[in-house]
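Q: So TrEMBL lists the following for this protein:
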- 33-88: domain 'P-type ATPase N-terminal' (DOMAIN)
- 66-84: transmembrane segment (TRANSMEM)
- 90-108: transmembrane segment (TRANSMEM)
- 290-313: transmembrane segment (TRANSMEM)
- 339-358: transmembrane segment (TRANSMEM)
- 359, 360, 361, 558, 601, 625, 665, 745, 746, 747, 871, 877, 900, 901: ATP binding site (BINDING)
- 359, 361, 897, 901: Mg(2+) binding site (BINDING)
- 359: active site, 4-aspartylphosphate intermediate (ACT_SITE)
- 450-466: transmembrane segment (TRANSMEM)
- 773-800: coiled coil (COILED)
- 950-1167: domain 'P-type ATPase C-terminal' (DOMAIN)
- 970-996: transmembrane segment (TRANSMEM)
- 1046-1066: transmembrane segment (TRANSMEM)
- 1078-1099: transmembrane segment (TRANSMEM)
- 1106-1130: transmembrane segment (TRANSMEM)
- 1142-1165: transmembrane segment (TRANSMEM)
């Protein structure tokens, strides 16, 4: 366990940050004499190119395609007179055209990124000026480490800053971190206690002269270390004092802090590695077949060279056969379908995914908790949801909807009030909660105390409208704390005070508006006034009197409970350190409860508690809520002996089981009354545990366990974490299609497991392997234990299979076929017989994906049907995707909706963005954009099948779909042309001559036969969408490799060879001894070839739409029109010959039509 102690024997490397206002302003930032020299400015740059690097870098990327290199070589070779055999001007046009179009597309996309960067870099915030000794507005790009910045409520944090000064009297602020970890729930941050006196200094920040030493920039968003040099020694700082770039200031009038990381060194930017250059799997396979084309070309050239040497000792026909490599295919593959969003070439991926990596919040869920049911004292209270119209009105957060007198239905919680509960809560007051009050029935008192627990046993923050307290002069108008007992007031010009107007500030005065939020990526995570788009998830607006109240919670469960209690009249109206204020249905006045301690939730205890003092009786009461297993196991002994108590527990457990069957998240509520002496003894020990430097967490947990026992059960709740519509069915169909679904979330473990159960990612009969560790050694041990568990379960499965007569001799042990100690590689999926799921937290994941343990981790994952990674940072999400993509050689798809998913989306082979509540960052970084997770099913199972690249030879013809057909047709067209030219070489003495004009040959691929394959690649369907959705297993052939293989090229080669024989030798024999000229013979061959190619495409079409017919007709018309026009004018590239009027003379003969009909018939006969 020695290795579990972080940093033992290793001294962290820190770098000093000196406040810029203490540095001589004459020393430029770039100078080595500047203390902060070498640190990155806050300039963000996400572009891939610059004006100087665009051309070489873009060409380098395009030359990843082997065909591009080949054609450039051939074009250059064709300009050498000794080997020139093709019109050099014509040969160069298609090459440069495709390179130019691709470059223009890349330049346009990079220009969009440049404009986005510029917009973000030009945003302004308030930065302290040394010269003016006040805050002045400065662009984000000009911020540097050492600057002090001032941020108001709802403003975005432009850099990673050390939190030093707050308007809050307790020195705290709340931030929304959805752009980093996907959670809209608020996080609390604290100023540095040891220098908190600075906040009271009127000369702040000018008086702050301390040097701050921070660790080197890293991507760990949950970790931060540093210290401040002060007169009294060093003061340590941690992640609780750091405000990260991209987060949003909430529930605090203003904060001030020192920039420690800026621009590319911020944790947000380090978690965003930017898009990688992607090459589709089909494209890679075509590159492979291009190599075979080149080999075949060299063989034909070698054969022709020998023949030419024998005949004329001439070797000048190398470039005759350049059509062998279908260059136009590569141009079309990247540009043929502008109907689809994003990079069109990525449609070639959609059939062959084996892994999907999904975010949770906002992707699988609606990010909205709803209170559905509760049981109190063994009595079940069900709540019926309101209609959709009511729900839509609740989402609008209209001021009229949130009247305090509205009791008949809940606009806030979208549920109808339960009449019995409403009656029992109608007379709820402080006196009714007194345990000695005999006029209140016991059950009614329990119901009332149950709802009081829902209102106060949480960390929900109550806030009101915050306004910017700094005017344009750069000075704070009123530095009064935000947490007051009465309405906030601001000074007027006459020195009097007036209340703040309680209305939503629709035109935010903050420097950065939410309207531009969709333009920002993770690296520049933008947010503004949340009021402009309603409330964020994890928060809720309510009305109390004339004021607009705002609930902001760290947990959506807590928010749902507080909202439900508010609906029934038990309103949480104010929370401050050490106090919580509520109002009761039977009382108009606020009641203030003293909060003595808050025992926060942890994964081991699985519960959270608050200790409050009753304002009348002065009793000390412990309120506890948590998982049913953690509450029911620590009840008072009377629940084991007393029959009424036993019946209450039994009824509660039955109700909990019913909630779980409905997919609801369950929580139990309990209480315990403490005497003063008992509490004081415990509080003393608990304070010592909190101040322990060696084993603080362990001692605090033990202290909590001492108090959380002998509880009195109050009841339980059922909360629905509302899944997006169709999520369970979509996941089930994707898994039936052979796709593994992993969930990578920044949420806590318990929440992730609940969602996995709700969306049926986990099944009731599934064995869940949970791996949590705190260091490398513990992780290694946990992984080894999991492997041992898998081996044992597999042995039992094999024994059961062997004992079955029907399976005797047919069942082979999985571990003997595919050892856990060998990588899966391209082998079939392991663990089909096992039914396990893996859950791992972010801290453990950091060790599990390290080079030392990644193989163990992958082996476990291969034998689990589902994997859930919790508390994962954006960079960890991307690392998991990369681990599977690179080591298992599987096709991966990532889907998410927030800025924290950008890295994962960019790392996967295909990224899918969901346009949701968290902005458009994920959509902008994705390859495809959808509105809901359920649309992924149609994207893959329907469009994926239609666009897959399988090619089989069935009954003498191709049976394939869209992109494979498109790719195969491109090879087919080019091969048939090359073979016809090759047959002619045999009868022309291998002279390198052409019987078809070079312009015709170029136009043949670019114009005459390009539209029908294009139309088929977009519109052709072998099965209807209903059939594909009804049978997800139709997706599996692509995963099994029954797709575009090396046999595809062989089939195309043989088919082209046969047709070329018919297309050349029938006209050759027919015209023999007829004295026709070279151009007449070549024109007939060309006509036969074009008609055959177009008819072949028509025969191979599975379904027809009018566009396909139009493309075929247009191709015929263009071909005939081009022949007529080109033969009617004196124009050619093949000097000195000229096909003037040849076509008219050729078609006017009777033999021409007969030859064409016979040739085409024989060529198509096998079909």
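Cβ atoms are placed via backbone N, Cα and C, with glycine included.
Where the annotation comes from TrEMBL, it is an automatic prediction and has not been curated.
Any idea what these are sitting next to in the structure?
A: Annotation note: residue 361 (ATP binding site) sits in a coil segment as assigned by DSSP. Counting every protein chain shown, the number of other Cβ atoms lying within 10 Å of the Cβ of residue 361 (ATP binding site) is 32.
Sequence-distant contacts of the transmembrane segment (1142-1165) (same chain, six or more residues past either end, CB-CB distance under 8 Å): 1058-1059, 1062-1063, 1066-1067, 1070-1071, 1074, 1076-1077, 1079-1080, 1083-1084, 1087-1088, 1091-1092, 1095-1096, 1099, 1123-1124, 1126-1128.
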Q: Where the record says 359, 360, 361, 558, 601, 625, 665, 745, 746, 747, 871, 877, 900, 901 bind ATP, what is the longest distance in Å from one Cα to another among those residues?
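A: Largest pairwise Cα separation, rounded: 32 Å.
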Q: If you average pLDDT over the domain 'P-type ATPase N-terminal' (33-88), what do you get?
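A: So the average pLDDT across the domain 'P-type ATPase N-terminal' (33-88) works out to 79.
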Q: Given a Cβ distance threshold of under 8 angstroms, which distant residues of the chain, six or more beyond its ends, lie next to the transmembrane segment (1106-1130)?
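A: Residues packing against the transmembrane segment (1106-1130) from afar: 997, 999-1000, 1003, 1007-1012, 1014-1016, 1019-1020, 1083, 1087, 1090, 1094, 1097-1098, 1138-1144.
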Q: For the binding-site residues 665, 871, which one has the sparsest Cβ surroundings, going by other Cβ atoms within 10 Å?
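A: Comparing Cβ neighbours within 10 Å for the binding-site residues 665, 871, 871 has the fewest.
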Q: Near the transmembrane segment (1078-1099), which same-chain residues lie under 8 Å Cβ to Cβ, leaving out any that are not at least 6 residues past its ends?
A: 957, 969, 972-973, 976-977, 980, 993-997, 1000, 1004, 1008-1009, 1012-1013, 1016, 1059, 1063-1064, 1066-1068, 1071, 1112, 1115-1116, 1119, 1123, 1137, 1139, 1142-1143, 1145-1146, 1152, 1155-1156, 1159-1160, 1163-1164, 1167
Q: So which binding-site residues out of 359, 361, 746, 871 end up within 10 angstroms of residue 897 (Mg(2+) binding site), measuring C-alpha to C-alpha?
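A: Checking each Cα against residue 897 (Mg(2+) binding site), the hits are 359, 361.
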Q: Which bits of the chain, at least 6 residues beyond where the transmembrane segment (450-466) starts or stops, bring a Cβ under 8 A of a Cβ in it?
A: 152-154, 174, 186, 188, 250-253, 374, 376, 425, 428, 433, 482, 487-488, 500-505, 547-555, 558-559, 561-562, 564-566, 568, 570-575, 580, 582, 593, 595, 598, 600, 608-610, 612, 623-625, 669, 671, 714-715, 717
Q: Provide, as an integer number of angstrom, the distance between the C-alpha atoms of residue 665 (ATP binding site) and residue 901 (Mg(2+) binding site).
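A: Rounded to the nearest whole number, the Cα-Cα distance is 25 Å.
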Q: To the nearest Å, how far is the Cα of residue 361 (ATP binding site) from the Cα of residue 901 (Mg(2+) binding site)?
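A: About 11 Å separates the two Cα atoms.
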Q: Determine, using Cα-Cα distances only, which of these binding-site residues is closest to residue 901 (Mg(2+) binding site): 359, 601, 746, 871.
A: 359
